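Engineer: I'd like to ask some things about the structure below.
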Amino acid sequence: MYAIAPSSSAEGSKVNIAYPNGAVRITRTPGRQKAGNCINLPVLIHKKQLVSACVYAFYIADEELFRHLPLTHSSDTVPIYIGRDPNMDPMIHEACSQAGIAIKGKVTNKQLASVNSNLGGVYRALYGKNFHAFYPWSSGSSHSKIILLVYPGFLRIVITSCNMMDIDTELGDNHWYIHDVPELPAGERVAPSSFEAQLLDHLQALKVPDAFVDSIRGMYDYSTVRVHLVTSVPGTHAGPRAEKHGLLRLRRVVKDLDLDLRRKTREGDLQLEVCTASVGNLSAKWLDGFYDCALGRKYLKVVDGHCDVPDLKLFYPTVQDVKSADEVAQQGAANIGCHTRPWISAPADIKRIFHRYKSKDAGRLFHQKMILAYNPRDSTAAPYYVYIGSANLSQSAWGALERDKKGNAATCDLKLVKMTNLECGVVVPGHLIKSLLEQGTPSWRDGIVPYVQTADRYDLHKDKPWNDPRWVTGYEGDN
C-alpha cells in the first residue's frame, strides 16, 4: 500500500481547483477503495457549490446520476443540462406516442425534432425547473461521455469512458481525464486554444444548448491543457475537414508527437494495445488503416487486395470471463458486445489478436476504451501515448479510409467515410503521464491499466467473445 493524495480540495463551502494540470484516473471499484489514482463521481461533483453543469452520456440511469446533482423544483438558478442518445431515453416512446408518432427501430431526426420540447417538459416536471434536456441525433450512436462542471472561479472538464450508471462509475473498470481550468480575470480575453475550440465544436455537435456553451466560451484559461482532443462526428470528412475527426485526427495528433513509431515497430520497440467494450466487425483492411493512423504514419494508403492483420493486442472478455465475473458485473455485461460474428467463420488472423480480460480488481468487467502504445522491452519507460475516451474499436466510431479523387496532400489523398457515431476522447502524450497520476502511484501501469496485460490469447478451439443475447439476434450460437 502506498500514500494516497487527496483527490479533491474543498474548504467549507468553497471548492478549490484540484486538477490544475490535468489528471488521468481509473474508477474506484469496490476492490480499490484504498488504492491510489482512483476516482468516482462524489469526488468530482460538489452539488452545493455548482454554478451550472452539463452532463452528456450515451446512456444515463436517471436516479444513479441525478442523486449527484442539485435538481430542484424551486428555481433555475443553477441550470443543469442533461443530454443522451435519444434512443436510450426511457421517455422517448411515450413522447412519440403522445405526439402520434410511430417509431420503427431508431428514432429519426425528424421525429426527434417533433418531440424534443415535449421531452424537455416531461423531465422538468419530474425533476425540476433547472433540468434542461438535450438530444443530438446521429445515424449511429451519439456515444460521447463528457461532464462539465462550472464552479466559482473554474471549470472542471471530465472526459470519460463511463456511461452515467453505477455499473460504470462505481463498479467497472473505466478511465477519466479531468482538468480544472481557471476563470480568466474579469475583462481579459485570449484567443481560444485548439483544445477549447474543438471542445466547443463538439458540444455544439452534441446539441448542447447555446445558453451553456456561450456561458463558458472564452471564459477560461486553457494554457495548462497539453492533451489532444480527438472527436468523431457522423459523415464523410474530406478536404480541409479531413483531419478534424476520427482516424485522420488520431493520425494527425500522433504524427505531430514525432514519435517515429514506424521505426520503433521495425526494431521491436512498439506494442499497440487496445481494450474496448465494443468491437466492430473487424477486417484486415480496416485494421490496417486503423494501425497506420494509430502509428501516426507519414505516408498512408488504402489497401486494395489482401493484407496482413497488424500486430496489435485486443483485450476483450470471453464468454467464460463474463460468466466467471462477479454477479453484479455480469448484470452489467449487456454494456459490452462484439460484432465480429459469426465467430466461427471469422478469419483466424483476426481472432488471434483477441486476449482475455482479467481485471486487477478480480471479478470486475469494464466499459473502457483505451489505445496504448508502449515499448514491450522496457517496463520502466513511459508509454509513447495513451488514448482514453468513448471510441470503441469500430468503423462506426473511427470511420474508414478511402481515396479522395479530389486529392489532399495532408492526408495522402485520403478522406474519411462511414463514420456514424459522435465520440470524444483525448490522446495523452506519454511524457505527461507521470505528472497526471496521483502522487505515490508506483508506475503508469499501476495508475492507468486496470487489467492484466499478460492475460492469455484466446484459445481458438474453445474461447468465444462475450455477447449479450440482445446484441446477437441471429447469432445466438456465438454464446
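Don't overthink the numbers, they just go from 1 along the chain as shown.
Backbone N, Cα and C atoms are what each Cβ position is placed from, and that goes for glycine too.
Those TrEMBL annotations? Automatic predictions, nothing curated.
Note that the coordinates shown come from a computational prediction; the quantities given were computed from them, not determined experimentally.
Reproduced below are the annotations present in TrEMBL:
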ACT_SITE  H143  active site, nucleophile
BINDING   K145, K369  substrate binding site
DOMAIN    362-397  domain 'PLD phosphodiesterase'
ACT_SITE  H367  active site, proton donor/acceptor
SITE      S394  site 'Interaction with DNA'
Engineer: How do the residues of the domain 'PLD phosphodiesterase' (362-397) split into helix, strand and coil according to DSSP?
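Structural biologist: Breakdown, helix to coil: 3 helix, 13 strand, 20 coil.
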Engineer: Please compute the mean pLDDT of the model over the domain 'PLD phosphodiesterase' (362-397).
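Structural biologist: Summing pLDDT over the domain 'PLD phosphodiesterase' (362-397) and dividing by its length gives 98.
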Engineer: Look up K145 (substrate binding site) in the DSSP assignment and report helix, strand or coil.
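Structural biologist: In the DSSP reduction, K145 (substrate binding site) maps to coil.
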Engineer: Using a Cβ cut-off under 8 Å and a sequence separation of 6 or more, which residues in the same chain sit near H367 (active site, proton donor/acceptor)?
Structural biologist: S161, C162, N163, I167, D168, G172, D173, N174, A277, N335, I336
Engineer: Could you measure between the residue listed as 'active site, nucleophile' and K369 (substrate binding site) for me? Cα positions, answer in whole angstrom.
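Structural biologist: Pair distance, Cα basis, whole Å: 12 Å.
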Engineer: For H143 (active site, nucleophile), what is the tally of other C-beta atoms lying within 10 angstroms of its C-beta?
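Structural biologist: H143 (active site, nucleophile): 28 neighbouring Cβ atoms within 10 Å.
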Engineer: Any same-chain residues 6+ apart from K369 (substrate binding site) with CB under 8 Å of its CB? Would you list them in sequence order, or say none?
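Structural biologist: Same-chain residues close to K369 (substrate binding site) (Cβ under 8 Å, separated by 6 or more) are S161, H175, C275, T276, A277, Y387, I388, G389, S390, A391, N392, L393, G425.
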Engineer: Are there any residues at least 6 positions away along the chain from K145 (substrate binding site) with a Cβ closer than 8 Å to its Cβ? List them or say none.
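Structural biologist: Residues satisfying the criterion: Y56, A57, F58, I159, T160, S161, C162, N163, M164, G389, S390, C424.
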